[in-house]
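Taken verbatim from TrEMBL:
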COMPBIAS  1-23  compositional bias 'Basic and acidic residues'
COMPBIAS  32-44  compositional bias 'Basic and acidic residues'
COMPBIAS  45-56  compositional bias 'Basic residues'
COMPBIAS  89-106  compositional bias 'Low complexity'
REGION    1-106  region 'Disordered'
Amino acid sequence: MAKSKKDMRDAGREGREREEATRSSRRAKGLPPEEHASLEEVVRTARKAGAAKRKAAREEKKRSLSQDQPAAEPPVQDDAHLVSADVNTGGELETGLGEPEVASVG
């Protein structure tokens with residue numbers, strides 16, 4: 001026979017006595033309800049907190065990247081290390097068979 005919902009719910013509670021509830025509502029005590037911030041205020045506060053977290057994470061990432069990179073090397077003034085020995089030093093490029101150079105498009 002299948003157990004009822006109540007039997008299934010109470011199955012984990014066997015052997016334990018139910019204690020008296022210690023909390024009661026403010027209404028039952030005759031007190032006014034608690035004051036809460038409006039939804040707009042809650043959302044605004046959450047957005048500010050999220051923006052602050054993102055900003056802190058972004059700054060931390062920048063800081064860690066700048067620490068990982070070695071000091072910037074000064075720019076090379078002499079590009080001689082890039083020039084091969086067989087390049088024409090006359091200032092004009094050799095185009096091959098006397099044909100004029102045509103600029104490529106794109």
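Residue positions begin at 1 at the first shown residue.
Cβ coordinates are placed from backbone N, Cα and C, and glycine is handled just like the others.
Same-chain neighbours of the compositional bias 'Basic residues' (45-56): 37, counting only residues six or more beyond its ends whose CB sits under 8 Å from a CB of the stretch.
Note on the compositional bias 'Basic and acidic residues' (32-44): DSSP counts are 6 helix, 0 strand, 7 coil.
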